[in-house]
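Everything on this sheet refers to the single structure shown next.
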Amino acid sequence: MAIVSPEIKSPQDVHASDREALFPREVEDEDSRAGTSDLPSASLNVLNSIIGAGIIGLPYALKQAGFPLGLLLLVVVAYVTDYSIILLIKSGSLSGTTTYQSLVHSAFGYFGYIVLSLLQFTYPFIAMVSYNVITGDTLTKVFERIPGESVGEEHILANRYFIIFLTSVFCTLPLSLFRDVAQLGKVSLISVFFTLFILIVVVVRAFTLGPQIPASMNAWTFAQPNVVQAVGIMAFAFICHHNTFIIYGSLEQPSLSNWSRVTHVSVLSALIISLILAACGYATFTGFTQGDIFENYCKNDDLVTAGRFCYALSILLTFPIECFVTREVFENVFFASAPWSRVRHTIVTVVIVAAATAASVSTDCLGIVLELNGVLCASPLVFILPAACYLRLSSEPWYNPNRLLSAVLLLCGMAIMGVGLVMALLHQQTCTHGQEMFYCSSLNATTLHGHNATFPSST
């Protein structure tokens, strides 16, 4: 099938149509373009875009990087996120564009548009795969704790493949078939509440469970070998760049100063939540930390079961939003000039969901999924493209601080992408899915609230 470019007209025509899609034709002045979001609402939307599935992989990122260095890198990634999403809006102002796609087209032509489209398709698709992995890991343990039911390891409800298939067919696929994302748009606040509850669970268990689990050898070493993969996981957790222009355009007064305030508040809030969850999660399990932190907790922990259930609900409601993005990119590239068709819409949606389901049953290790999506997709979207667009469009001298910082950001992003991919493939991580961690047998004998358990020395 031939690829149909939505940019066949002129870049000026594209930019005009992009602007009309977000802003009324009669209000072109930056300070008068009327959206509907006030600053707190926009900040909440950005925050909800950041604290998604990747947040439960942050303790694992500290394991990969080393606890002290990992915390420092988390702050750096948050700063880069803050800087780069403001840089996107600055670049959009320089080029007169109002979407990420038209910005990259303005800077690098149709080839750049195709590269960005590939990244914007792949990132949410792999995110969908990770959501399925999380759902399969999480709901099986929830079902095993159903009161009065005997759901053992051989029970069909304890089969992660069946759960992934069941939730895909009866939950995520029907929701993904909606045409308009606004039909699922009233979940941001609920998702944030779910995340805060999960944060409370992790913090509580750091104090009640952590002292009963032996620390692994070199648990508090400053740095570990897999630093680059850790940065990829952090980038995956903090990415919100595909929503930047949409949220900016929704502001009642979309100015750079207002956007900077929104960005600073939301990224700082996300950083605080991420630091607490990552530190408490890693401190509880140290070197035994899994890519999905919930895999570390014992099955008979009812507080964690409640956290798992809340997280599963959040993931099931987030999956369709990523599917919308994937489908939209596919439609824009292959069917840009064709009228909307319900049959095509349904077929494309079913194929995307089926492909994500098939990919998710091929692995039960969330860590490798987060690593690959981080280094392959999140790193270019967070580090490389915002910096490259600004360097291409800006007429400032090379020694200007913004250009120098953008150049550093570009080089770091390229290094993270290249080295991270090689490291992730050469040093694939192992998981213990479906198996109780070694400390759970002793904890089960004493219960989580009983006396301290005794473990063999850790190596």
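Here, residue 1 is simply the first one shown, and the rest follow in order.
For all residues, glycine too, the Cβ spot is worked out from N, Cα and C.
Record features, source TrEMBL:
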- 37-424: domain 'Amino acid transporter transmembrane' (DOMAIN)
- 42-61: transmembrane segment (TRANSMEM)
- 67-89: transmembrane segment (TRANSMEM)
- 110-134: transmembrane segment (TRANSMEM)
- 161-178: transmembrane segment (TRANSMEM)
- 187-207: transmembrane segment (TRANSMEM)
- 227-251: transmembrane segment (TRANSMEM)
- 263-285: transmembrane segment (TRANSMEM)
- 346-369: transmembrane segment (TRANSMEM)
- 375-393: transmembrane segment (TRANSMEM)
- 405-426: transmembrane segment (TRANSMEM)
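Tertiary neighbourhood of the transmembrane segment (161-178): same-chain residues 131-133, 135-136, 139-140, 143, 184, 316-317, 319-320, 323-324, 327, 345-346, 349-350, 352-354, 356-357, 360-361, selected by CB-CB distance under 8 Å and a gap of 6+ residues from either end.
Counting Cβ pairs under 8 Å that are 6 or more residues apart, the transmembrane segment (405-426) and the transmembrane segment (67-89) reach 3 or more and are in contact.
Within the chain, the transmembrane segment (67-89) has long-range Cβ neighbours (under 8 A, six or more residues past its boundaries) at 50, 58, 61, 100, 103, 219-224, 227, 230-231, 234-235, 238-241, 244-245, 248, 256, 259-260, 263-264, 267-268, 270-271, 274-275, 278-279, 282-283, 382-383, 386-387, 389-390, 402, 405-406, 409. 375-393 is the stretch from 187-207, 227-251, 375-393 with the greatest number of Cβ pairs below 8 Å to the transmembrane segment (110-134).
Residues 77, 80-81, 84-85, 87-88, 90-91, 94-95, 103-104, 106-108, 116, 119-120, 122-123, 126, 228-229, 231-232, 235-236, 238-239, 241-242, 402-403, 406-407, 409-410, 412-414, 416-417, 420-421, 424 of the same chain lie 6 or more positions beyond the ends of the transmembrane segment (375-393) yet place their CB under 8 Å from a CB of it.
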